Amino acid sequence: MARRNIYDRCNPKCLKNVFCFSILFSLLAVASAQLSSGFYGTTCPNALSTIKSAVKSAVAKERRMGASLLRLHFHDCFGCDASVLLDDTSSFTGEKSAAANVNSLRGFDVIDDIKSQLETTCPGIVSCADILAVAARDSVVALGGPSWTVGLGRRDSTTASKDAATNDIPSPLMDLSDLITSFSNKGFTTQEMVVLSGAHTTGQARCQFFRGRIYNETNVDSDFATSVKSNCPSIDGDDNLSPLDVITNVSFDNVYFKNLVNKKGLLHSDQQLFSGGSTDSQILNAEIKIGKTLEHNAPLISLVHDRLTRLTN
């Protein structure tokens, strides 16, 4: 199935399609309204169960997909408008080719499948942006993490900007001050930034984004660096993958924070959160205690819940 055929139902060029009138009507109706978890309660009552089922199946087939869907939403959600899904056109260069996304973002096929199912049962109703938001939540749950209520009623963008994605999405090479600024520009506090960074408890990164850290930095556990170097040579192997969390890579827990304390953060930007700077105390304080799993740490569950809710709403 061609991806553009699905997403372009939100594009003005398809106004001749009756689906588009339905979409535009529903989106205009919430242009100035607050998001609501019951937005599709009458127009597409099976929307949430459809998304949940598809995500659960995809993660069961490949555990890494949970992290991929969460990341896909995060990279969209310095806007939350599904613009990350749009291919290039003659009028704009989309976000897929931005440095943070190219040859990196995945899970588009899962979103395709969900959108196709919803178009069959509720044509022209559920926005791609809402699918991304709910799929991110369901992915975290599928990996053993907490759930939260997702507000619905987002509008899909009909355009995208490679430059905006390049400038807005935090780089894995950023120092702490730049990370704080990047998140602050989107309304997040430093503490919220730290908690959201905990999503790196699952997923993988490409060698080119952490080679400099494991070969050149000093605040890295030597055994950890040696282990990672085996799959990331000093030259070549840019696309080789290593887990962001070497302990529990396919589970959504808080071992990520323990890794930082032990100087086992894979990315430079991750280790910056515990490297003698202002966020060290937030890794260690009572709200982000190092425990075996999220279930053993109710304060952290609550904090992650609040921050993920804010990101997806």
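Along the chain as shown, the residues are counted starting at 1.
Heads up, the Cβ atoms here are built off N, Cα and C, so glycines get one too.
Here CYS44 is paired by TrEMBL through a disulfide bond, and of CYS80, CYS122, CYS128 its partner is CYS122. Surrounding the centroid of the Cβ atoms of THR201, ASP245, THR248, ASP253, where the record places Ca(2+) 2, the chain contributes additional residues within 8 Å, namely THR202, ILE247, ASN249, SER251, PHE252, ASN254, VAL255, TYR256.
Nearest Cα neighbour of ASP81 (Ca(2+) 1 binding site) among the listed recorded positions (HIS75, CYS122, THR201): HIS75.
Here HIS75 (active site, proton acceptor) is positioned 20 angstrom away from CYS207 (disulfide bond), judged by their C-alpha atoms.
Counting every protein chain shown, the number of other Cβ atoms lying within 10 Å of the Cβ of CYS207 (disulfide bond) is 20. Take the CB of ASP81 (Ca(2+) 1 binding site) and look out to 10 A: across all protein chains shown you find 22 other CB atoms. Using a 10 Å Cβ-Cβ cutoff, ASP76 (Ca(2+) 1 binding site) registers 27 neighbours.
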